[in-house]
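Asker: Per TrEMBL, the features are:
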TRANSMEM  12-33  transmembrane segment
TRANSMEM  45-62  transmembrane segment
TRANSMEM  74-96  transmembrane segment
TRANSMEM  117-141  transmembrane segment
TRANSMEM  153-178  transmembrane segment
TRANSMEM  185-206  transmembrane segment
TRANSMEM  226-259  transmembrane segment
TRANSMEM  280-297  transmembrane segment
TRANSMEM  317-345  transmembrane segment
TRANSMEM  357-382  transmembrane segment
TRANSMEM  402-420  transmembrane segment
Amino acid sequence: MVITLLILSTLINYTHIVFFEAIFLLILVLLLIPNIKKIYKSKTGMIIFFQLIVTTFFLIYNKNYQINEILNSLMMFSNIAVFLIFMTLFLLIFKASHLDVYIVNSLLRYKEKYRKLVLLIMACLGSIGLSFGTNIVFGSILPQKNKNIAATLSRAIVLTMLLLPTTGSVAALMIVYSKLNFTQIVFTTFPIFLFSFILAYFIDSIYIKIQDTSNNECLRISWSPIFVSILVFFICILLKLPIILAMSWSALFGFMISVKYKKVLLKKLGVVFLRSINRISPEILLFIITGLLIWSISNSDLIHGLHLSPILAQPYIIIPLTLTVMIVTSLIGLHPMMVFSFFYPLSLSITQNIPDYIMYSCWLIGFILSLLLSPVSVLTATSSFGSGLSIAQSCYPLHWKYVGYMYLFTILYLLILFYIF
């Protein structure tokens, strides 16, 4: 059924047929039903419940809506549900290809003062497929309880978010700001990426000590799944599929190459998908409900009747305010998607004169800073698990200085971009 979701998402992208959308949601509901109890007990489940209450209020208040509008809002982030499920395959490809051995051997070839740079580059490349799993995969083969390594891996993950939709939050932003093409996004965010990359290398010690503990040097590295994944990705882009669907298809074909189409291993694909859904079911439902909440707030007469002060519409106010709100709310444990779902619709009336590429970058950095600082973010959880550090050690104590520099640079850069260019 999971592959059917991917096929339906692809068809919907080309046809926008309501019947396909209804079937997609029906299959997704059937997949999530076994995990309702888990969703209910999770912290994300509490956020979803709160969002449903607010959404219900706005739906009752509005009254002037049609069923197809609700269906469209539920489908707003549907591609992300597919994307999150299929991203698991990249982790399996990585391990099946023995790339973990390649990483250790590559680092050992360089002197200590160059290893951090090499690790940062490889972790950035790995994050394109592994996403948050980079912390777990890389962390499992590198020295434990090393703050420098833990910080480097987490920062590599957020660095790739600046260029590609490697996480659900970036994919959501790309959908919300769908008028922006990929080139516009990369040209806008690349200076921030470059600054943040250099900062990630120099801000802490550049020396990383790694002992040669690998017993698998004789294992052969298999590059074919990686090459096939890259090839399929670019073919999908040429076919004008969204990046997140292109990455999903590339993960599927790369996995099939990695298991060499063996029937026994392909049968395990269903088990892999079910485990993936079981693990990320709260996040999947969160994105679906977030789409409904954004639509209900955006189309509310109550919101349209608000008259916010014109001074708030100034870039030198809205950009620092947005980043500050995302940082503060993350420190008190609020999920950034919940914050975005409330503040994005509210900000529409005062950001009309600010180009989309600037607001996209602003929200994106807001998400990144939230992930680094929040003690309850997925990034912090995977960093703690992969490095052996505690949750308390893996969030703001590890990144506060890095976040501070990124915060100041982003404000300065986006204001220069607005007023000069």
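Backbone N, Cα and C define each Cβ position, glycine as well.
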Asker: Do the transmembrane segment (74-96) and the transmembrane segment (12-33) come close, with at least three CB pairs under 8 A (pairs 6 or more apart in sequence)?
Answerer: yes
Asker: Residues of the same chain, at least six outside the transmembrane segment (117-141), with any C-beta under 8 angstroms of its C-beta?
Answerer: 87-88, 90-91, 93-95, 99-101, 103-104, 106-107, 110, 149-150, 152-157, 159-160, 164, 166-167, 197, 200-201, 206, 208, 214, 229, 247, 251, 378-379, 382-383, 385-388
Asker: Given a Cβ distance threshold of under 8 angstroms, which distant residues of the chain, six or more beyond its ends, lie next to the transmembrane segment (280-297)?
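Answerer: Contacts of the transmembrane segment (280-297) (Cβ under 8 Å, skipping residues fewer than 6 from its ends): 28, 32, 35, 38-39, 42, 44-45, 47-48, 51-52, 54-55, 58-59, 62, 69-70, 72-78, 80-81, 84-85, 168, 172, 176, 303, 335, 337-338, 340-342, 344-346, 378.
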Asker: Does the structure show the transmembrane segment (185-206) and the transmembrane segment (12-33) touching, where I'm treating 3 or more Cβ pairs under 8 angstroms (sequence separation 6 or more) as a contact?
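Answerer: Contact between the transmembrane segment (12-33) and the transmembrane segment (185-206): absent, because fewer than 3 Cβ pairs are under 8 Å.
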Asker: Go through the chain and flag residues at least 6 beyond the ends of the transmembrane segment (12-33) whose CB is under 8 A from any CB in it; none is fine as an answer.
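Answerer: Sequence-distant neighbours of the transmembrane segment (12-33): 1-2, 4-5, 39, 68, 71-72, 74-75, 78-79, 81, 241-242, 245, 277, 281, 284-285, 288.
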Asker: Residues of the same chain, at least six outside the transmembrane segment (357-382), with any C-beta under 8 angstroms of its C-beta?
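Answerer: 43, 132-136, 154-155, 157-158, 161-162, 169-170, 173, 177, 180, 184-185, 188-189, 192, 283, 315, 318-319, 322-323, 325-327, 329-331, 333, 335-336, 339-340, 344, 347, 351, 391-392, 394-396, 399-400, 402-403, 406-407, 410, 414, 417-418.
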Asker: Go through the chain and flag residues at least 6 beyond the ends of the transmembrane segment (226-259) whose CB is under 8 A from any CB in it; none is fine as an answer.
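Answerer: For the transmembrane segment (226-259), the nonlocal Cβ contacts are 3, 6, 9-10, 13, 79-80, 82-83, 85-87, 89-90, 92-93, 96-97, 99, 129, 164-165, 171, 174-175, 182, 265-266, 269.
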